[in-house]
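Student: This is the structure I have questions about; it appears just below.
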Amino acid sequence: MQRSPLEKASVVSKLFFSWTRPILKKGYRQRLELSDIYQIPSADSADNLSEKLEREWDRELASKKNPKLINALRRCFFWRFMFYGILLYLGEVTKAVQPLLLGRIIASYDPDNKTERSIAIYLGIGLCLLFIVRTLLLHPAIFGLHHIGMQMRIAMFSLIYKKTLKLSSRVLDKISIGQLVSLLSNNLNKFDEGLALAHFVWIAPLQVALLMGLIWELLQASVFCGLGFLIVLALFQAGLGRMMMKYRDQRAGKINERLVITSEMIENIQSVKAYCWEEAMEKMIENLRQTELKLTRKAAYVRYFNSSAFFFSGFFVVFLSVLPYALIKGIILRKIFTTISFCIVLRMAVTRQFPWAVQTWYDSLGAINKIQDFLQKQEYKTLEYNLTTTEVVMENVTAFWEEGFGELFEKAKQSNNNRKTSNGHDNLFFSNFSLLGTPVLKDINFKIERGQLLAVAGSTGAGKTSLLMMIMGELEPSEGKIKHSGRISFCSQFSWIMPGTIKENIIFGVSYDEYRYRSVIKACQLEEDISKFAEKDNIVLGEGGITLSGGQRARISLARAVYKDADLYLLDSPFGYLDVLTEKEIFESCVCKLMANKTRILVTSKMEHLKKADKILILHEGSSYFYGTFSELQNLRPDFSSKLMGYDSFDQFSSERRNSILTETLRRFSLEGDAPVSWTETKKQSFKQTGEFGEKRKNSILNSINSIRKFSIVHKTPLQMNGIEEDSDEPSERRLSLIPDSEQGEAILPRISVINTGPALQVRRRQSVLNMMTHSVNQGQSVHRKTTASTRKVSLAPQANLTELDIYSRRLSQETGLEISEEINEEDLKECFFDDMESIPAVTTWNTYLRYITLHKSLIFVLIWCLVIFLAEVAASLVVLWLLGNTSFQDKGNSTYSRNNSYAVIITNTSSYYVFYIYVGVADTLLALGFFRGLPLVHTLITVSKILHHKMLHSVLQAPMSTLNTLKAGGILNRFSKDIAILDDLLPLTIFDFIQLLLIVIGAIAVVSVLQPYIFLATVPVIAAFILLRAYFLQTSQQLKQLESAGRSPIFTHLVTSLKGLWTLRAFGRQPYFETLFHKALNLHTANWFLYLSTLRWFQMRIEMIFVIFFIAVTFISILTTGEGEGTVGIILTLAMNIMSTLQWAVNSSIDVDSLMRSVSRVFKFIDMPTEGKPTKSTKAYKNGQLSKVMIIENSHVKKDDIWPSGGQMTIKDLTAKYIEGGNAILENISFSISPGQRVGLLGRTGSGKSTLLSAFLRLLNTEGEIQIDGVSWDSVTLQQWRKAFGVIPQKVFIFTGTFRKNLDPYEQWSDQEVWKVADEVGLRSVIEQFPGKLDFVLVDGGCVLSHGHKQLMCLARSVLSKAKILLLDEPSAHLDPVTYQIIRRALKQAFADCTVILCEHRIEAMLECQQFLVIEENKVRQYDSIQKLLNEKSLFQQAISHSDRVKLFPHRNSSKYKSRPQIASLKEETEEEVQETRL
C-alpha cells in the first residue's frame, strides 16, 4: 500500500477532499489493485482503537455492578460526535433561512415597492452565500460522522473478536456462528453508516419549531393545516409500512423455502444430473417461485404507494397550508413561493429525518445492548497445573457440558408431552427421555505414567472428545480431580488448517528446529506430498487448505501437534481420513517411535491401535466401561465389540428400545415451545421438524462427511409446502449460519468449486459454535449465506427538493434497511464474504441495458406510457404556473386584501371559488396520475425478474459439469438469493425513481427555459458537467466497492477459521498472534472503506459546488433580466432550486441503477452458460438398423423386449476424462469390458481416480473415447437416456427437502403400493413407518433425522425404482454400521441379482462379492483381474491387504461353512457421520 496523501494535505485540500484526486485519476484510467490503496492513518488502526475502547470497557467493568458499553463509547467518541452534530445543525439552519431571502427577492419585484428593487442583487448574493456556507458545513460534518462510525465499528469488531477467543466452551455451545456474524456485520453496520442520521433526533424538532415560527408570520393559524397533513401522512406511511412488513414476513418464508431447495440443488448438482432430476427440480423450484412472486408484487405495490404518497405530498401540504388563509384573507405571490420553500424543508424534517433518527437510535442502542451482553458472557478459565508432574491422573471425574442440562430437557418434555397425535397417542418425538440430565462424563478414573500410550475407545456419544477437552481445561469437572503438567499438544479429530504455508501450519509459532521439523515431516508421511509442490513447504495454503486433500490436511494437523515439545499429546481420532496403508505407517513411525518417550492419549477404534497401547480406556454413555490392558480386555470383556460398537441390529431391539432410539434422534431436531400440532398438519408443513432452537443448547446430529457448505435457515414459523402454511402470531425469523464443513481439496468460505469430490451448499438447521468446532473441517468449508436481501427496506421515491444529506439518508435507507429485528434483516451474504466468481466490468455496459429492456415485449410500451403520463402531469402543473404567473394582472378593484397592492393579490372574493376549483382539479389530476403511472412499470419489471430467474435456473440445471466445475458454489447461490432479491425488490423502484427524477428535471428545465431562455444556456453546461463527473467518479467508486468487498471477506474468514481451531489455538497459546492477524484484516478493510467514503464525499461535494455555481448564474440572470412581475422571478428561483437538487439526486440514482444492474449482468452470465451436448451419432445403426425404444424402464408397463439396456454389458475403449476442457487428464486411456450381471470392484489409493471413473460413466466430465452399453454408444443417445441406464448410490447422499415419497420418486411415476414394495425390499419400510405420516413425512435439513445408513438405503430404493441394469456404488459403506451394511448387501443380492454392479470401496471386506477387480493407480488401469490373481501378484493391492487382519476372511469367501464373522475382528472405525452425532 502507498502512503496516504491525507498525511501531507493542506486544510483546504482536506476541506474539499482534493487529496483523493490521484486515486480517482488512476481508477479512471486503469484497473485499481490492492497496492494502489492508501495506508490508513494511525488513529484509525485497529490496534489503537481497540486498545482505547478496551481500556474504557475494563474501567466500566471494574467500577460498576451493571456496566454499560454505551458509557465506554461515550468516553471515547462523544465530544467529536457532538462537534460534528453542531456543524450539521448549523448547515440545516441555513436551509431553513433560505426561503426568507427568496421571499424578500420576490417582494422586491412588487410594482408598488420599487425602493427594494435595488437590494435584490444583494439578497441574491446572500442567498448564494447561504448555499456556499451550507456546503462547507454539511460535507465535513457528514464525513466526520461517517469516520466516527467507522472507528466505533472497528473498535467493537476487535473487542468482540478478542472476547470470542476467551469464551468458554459452554458459552460457545449456546450461540451460533450466525449470531456472531450478525454481531459483526448487521449490528455494527448500524454505526458505520447510520451515525450521520442520529443527530436529527434533536435537530429535527428544533428545525420544525423554527420553521413553524417563520411560516406563522406568513400564514398564521392555517399553517397547522399543513403540519396536520404531514402528521397524518407520517401515520399513513407507518400503516403502509406495517402492511409491507406483513407481506414481507409472509414472503420471507417463501423465499427461504425456495432457497432451501435451490441450495440443495446446487449442493447436489452432480447427483441431480446423475438421477436425471433436472426437470423435477426445476418444476419444484418454479412452483415455489410463483407463490413467492404473488407476495413480492403485493409488497412492491405497497412500497410504491408509500413512495408515491411521499412524493406528491409536497403539492398537497402547500395547498392545504395556503388555501384556508387565501380563501379568508387573500394571499400574495411572495407568500406562496416562500411557503413552498418552507414546506419542503418542513416535510423532510417531519416525515423523514426525525423518523429515521429515531429508528437509528433504536437500532443502535439495541445493537449496543446485544454487544454488551456478549462481552459479559462467561470466559474460558485455564486450570491450575503442576509443572513438575510427570503423570496424568483423573480421579472420580464427573462433568456436564451445560449447567442445568437436565432442566432444559425437563422443560422440553413438559412442553411437548402435551402434544397428541390425531388418534390420541403420545407424540413420538417426546415419548422417551432416557438421556435427560445425563452427565457427559461420569466417575472417570485412570492413571498413566510418563511415556505411556492410552487408547480411548467407545461408541458414538460415549464422551471421548469430552475427555480430552476436560484434560485441556475446556470442560470444567463438576466433581473429581485432574492432574497433569499443563504442557499439552493437541490434534483435533477434524484437521484444522490456518491460512499460511505448510511450514507455518506445522511450526505454529514454536521455535524452529530443523532436525525436529524434518523428523516430524518424515514420520507423518508428508515428504512425498511436499516434494510435489514447486514451493515445497512454503506453498501458501488457502483458507482451510484449499490446495490439499483431506488426508494431507489430517497429516499436517498431526504434524503440528507432534512438532510441539509437550509433556502430554492428545490425539483425537487423527487417522480418520487416511487409507489403511498410510495409517499403519504413520501410527508405527510417529505415534509409536518418534513419540515413544512422550505421554500420549489416542482416541481410536482400531483394533491394531488397542493392541499396542499400554492402557485402554473404553467409554460407554459417559462412564468407564473398561480400563486396563488389551489382554485384560479380552478376558474380562469378550463382548465389548458388539455392545459398544453398534453391532446390534436395530430390527432386533425391543419395541421400547427402538422407540427410544428414534425418539432420541427426533428429539434433537424438535422445536422447543411449539404449539400442539397434529401429524396430519405436520405432513403439510415442510419445516415443522426444525425451527428456532432458542438460547438453550440442543444436541447435534451433523450432516455427512462430504458436505462442503451448509446453508442454514432457521424459521420460527413453518414454511409452506404444497401451498399450505400454518398461521402464527410470531414474526418469521431467519437465521443463517457460517458452519464450516469439509470436502477433499476444498477451501473455506466462498473459494470452492461447485463440484470436485463433493457438493457445495446444504441446507441445515442452526448450529452452535461448539458443534461447528467439532464438525468436520477436512472436506472444505461451509459458508452460510444470508439470504435476506429481499427483505430489506426499500427507500421511498425521491422528491424534487432533496438536499445532499437527504439524498444520503435515502441511500442509507435503501441500501442498509435498518430494521429492529437483526434476525429478519441479517446482512446479505455478500456483506460478509466477497463473491469474486467472475470479473464484471466496473460500469454496466449498454448491451446489458438493451438486453434487459427487450427481455419482455411490454416493457418498452410501459416506458412510453410513463412518458405520456408525465406529459399529462406537466400539463396539469402548467395550469398552476399559468395561474401564478397571470393572476397578478387582475383588476385591482376586485382586491379585498390590500387597496394599494393590486398587482400582488391573486386570491379575491370574486375569484375565490374559481381558483379553488382549479386547485382541486389540478390536485386530483396529479394524485390520480402520480399514484398509478408507475404501477405498470413496477409490475413489468417484476415479471422481467421472473423471466430471468426461470432462464437462469434452467441454464444452471442444463449446464455441463465442466462449466460448473469452474464456478464457486457461493457465486451460484448468490445469483439465486442476493441478485434475484435485487431484481425483485430494489431494481424496479430504483429504475422508477431514476425515470421519475429524470422526467422532473426535463420538465422543470423546459418551464424555466420558456420563462427565461437565457437560463437554458446555463443549464446545458451544468448537465454536461454532471454527466462527465458521474462517468469519472463511477469508474473508481465501483472498483473501490469491489476492493472493499474483497477486504471484508478476510475478516469473517479469519473469524470462522479461528473458531474452528479455537481449541488448538488455546492449546498452543496462539491467541495474541491471531488477534494481530485479525487487526491486519480489519486495517485492510478500513483502508478500502475509508478511501471509498472519501472519494464519495469528493463526488458529492463537487455536485454541490456545480449546483451552487448554477444557482448563482440563475439568480443573477433572473434578477438582472426580469422586468416587472414577481411571479416570474418566484417560479424561476423556486424551480432552479428544485432542478439542481433533483438533478443531483438523479445522478446519484443513476449510479445506484448502474450498481444494481451489475446483478443483471451476473445473471446474464449464468443464462449464457453452455448446455450439455446432444447425441452426435445416429441411433439407427444398432439392432438391425433400428434402436428399439432407446429408453430405461420409466413405468412398469414397458415390455421387456423394448427395454434398453437389457443386459448391462459395458465396453470401455480409450476413455480419457478431464474436469474442465483443456485441463489435465484425470483418467487416461482406460479400456476394459464388463459382462452382463458381473460385479466389478474398483481399487486404488485416495485420489487415484475411482470416483472420477464413475462420474465419467455418467458423462459428468469432459470425456474422450467410447463407452457402449449393450452395443449402444454413449454419443448415440441423449444424456437423459444414457444416465437413466444407471442406478447410482453416490458418495454424498442427496436427500432434498420434501416427503419420503418425493425423495424416492420425484416424478411421481409409481403408485404407493410399488413404493412400499421397494421400501420393504431395501429395509426402509420399518424406518418410514416409525415416522408420523409415513411416506408423507417431510424430510428437512438433508434428512437430518435419518442415519447415514438410512440415507444410503434411500438411494438404493431410488435405483430399484428406476429398474436400472447397471448400478454404480461410490463408497456405500463409508459411514455405515455393520447392521445397515448387511441390509445393503442383502438388498443388492435380491434387487440387483441380474444387474451389472460397479463398486468403489476403501474397505476390503465390502468388496467380497465382486468377481473382478480394477486397480487404478495414477489415473490409469494397472490391473484388471480376479481377487485370487491380484493377491498372488506383487501390487499395491496386495500390500494394503497384508496390513489388514481382514485378509483372513478371504479363504472363507466361497466356503459354505462360513456363517458368521469373528466376534472380535475389528473395532469399527468411527466415521464422521457418527462423530457428528456425538453428544460431547
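From the backbone N, Cα and C atoms, a Cβ is placed for every residue, glycine too.
According to Swiss-Prot, the record shows the following:
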| type | residues | note |
| --- | --- | --- |
| BINDING | TRP401, SER434, GLY458, SER459, THR460, GLY461, ALA462, GLY463, LYS464, THR465, GLN493 | ATP 1 binding site |
| BINDING | TYR1219, GLY1244, ARG1245, THR1246, GLY1247, SER1248, GLY1249, LYS1250, SER1251 | ATP 2 binding site |
| DOMAIN | 81-365 | domain 'ABC transmembrane type-1 1' |
| DOMAIN | 1210-1443 | domain 'ABC transporter 2' |
| CARBOHYD | ASN894 | N-linked glycosylation site |
| CARBOHYD | ASN900 | N-linked glycosylation site |
| CARBOHYD | ASN909 | N-linked glycosylation site |
| REGION | 654-831 | region 'Disordered R region' |
| REGION | 1452-1480 | region 'Disordered' |
| TOPO_DOM | 99-122 | topological domain 'Extracellular' |
| TOPO_DOM | 217-222 | topological domain 'Extracellular' |
| TOPO_DOM | 320-339 | topological domain 'Extracellular' |
| TOPO_DOM | 880-918 | topological domain 'Extracellular' |
| TOPO_DOM | 1117-1130 | topological domain 'Extracellular' |
| TRANSMEM | 78-98 | transmembrane segment |
| TRANSMEM | 123-146 | transmembrane segment |
| TRANSMEM | 196-216 | transmembrane segment |
| TRANSMEM | 223-243 | transmembrane segment |
| TRANSMEM | 299-319 | transmembrane segment |
| TRANSMEM | 340-358 | transmembrane segment |
| TRANSMEM | 859-879 | transmembrane segment |
| TRANSMEM | 919-939 | transmembrane segment |
| TRANSMEM | 991-1011 | transmembrane segment |
| TRANSMEM | 1014-1034 | transmembrane segment |
| TRANSMEM | 1096-1116 | transmembrane segment |
| TRANSMEM | 1131-1151 | transmembrane segment |
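Give me the structural setting of these features: burial, nearby parts and distances.
Tutor: The 10 Å shell around the Cβ of GLY1249 (ATP 2 binding site) contains 25 further Cβ atoms across the protein chains shown.
According to DSSP, the secondary structure content of the topological domain 'Extracellular' (217-222) in residues is 6 helix, 0 strand, 0 coil.
In the predicted model, the topological domain 'Extracellular' (880-918) shows an average pLDDT of 43.
Outside the transmembrane segment (78-98), and at least 6 residues removed from its termini, the chain residues within Cβ reach (under 8 Å) are 127, 130-131, 133-134, 137-138, 140-142, 144-145, 148, 195-196, 199, 203, 206-207, 210-211, 214, 341-342, 345, 803, 805, 1137.
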Student: Can we call the transmembrane segment (196-216) and the transmembrane segment (1014-1034) in contact, meaning three or more C-beta pairs below 8 angstroms at a sequence separation of 6+?
Tutor: no
Student: Looking only at residues six or more beyond either end of the transmembrane segment (1096-1116), which have a C-beta under 8 A from one in the stretch?
Tutor: 16-18, 20-21, 24, 105, 121, 124, 127-128, 131-132, 135, 138-139, 142-143, 804, 808, 1008, 1015, 1018-1019, 1022, 1025-1026, 1029, 1033, 1037, 1132-1133, 1136-1137, 1140-1141, 1143-1144, 1147
Student: Out of GLY458, ALA462, LYS464, GLN493, which of these binding-site residues is nearest TYR1219 (ATP 2 binding site) by C-alpha distance?
Tutor: GLN493
Student: Where GLN493 (ATP 1 binding site) and SER1251 (ATP 2 binding site) are concerned, what is their Cα separation in Å, rounded?
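Tutor: With distance taken Cα to Cα, SER1251 (ATP 2 binding site) is 25 Å from GLN493 (ATP 1 binding site).
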Student: For the transmembrane segment (991-1011), which stretch among 123-146, 223-243, 299-319, 340-358 has the most Cβ pairs under 8 A?
Tutor: 299-319
Student: By DSSP assignment, list the helix, strand and coil residue numbers for the topological domain 'Extracellular' (320-339), in that order.
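Tutor: The topological domain 'Extracellular' (320-339) comes out at 17 helix, 1 strand, 2 coil.
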Student: Could you tally the C-beta atoms, other than its own, that fall within 10 angstroms of the C-beta of TYR1219 (ATP 2 binding site)?
Tutor: 20
Student: Six or more residues beyond either end and a Cβ under 8 Å away: which residues meet both conditions relative to the topological domain 'Extracellular' (217-222)?
Tutor: 103, 321-325, 328, 335, 338-339, 342
Student: Given ALA462 (ATP 1 binding site) and SER1251 (ATP 2 binding site), what distance in Å do their CA atoms have, once rounded to a whole number?
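Tutor: Just about 33 Å between their Cα atoms.
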Student: Let me make sure I understand the structure: which of the binding-site residues listed (LYS464, ARG1245) has the fewest other Cβ atoms within 10 A of its Cβ?
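Tutor: So among LYS464, ARG1245, the binding-site residues given, the one with the fewest Cβ atoms within 10 Å is ARG1245.
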Student: Taking the binding-site residues one at a time (GLN493, SER1251), which has its Cβ surrounded by the most other Cβ atoms within 10 Å?
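Tutor: It comes out as GLN493.
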Student: Count, for each of the binding-site residues GLY458, ALA462, the other C-beta atoms lying within 10 angstroms of its own C-beta, and report the residue with the smallest count.
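Tutor: Per-residue Cβ counts within 10 Å for the binding-site residues GLY458, ALA462 bottom out at ALA462.
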Student: Taking only the Cα atoms, work out how far ARG1245 (ATP 2 binding site) lies from GLY458 (ATP 1 binding site), in Å, as a whole number.
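Tutor: Answer for this pair: 28 Å between alpha carbons.
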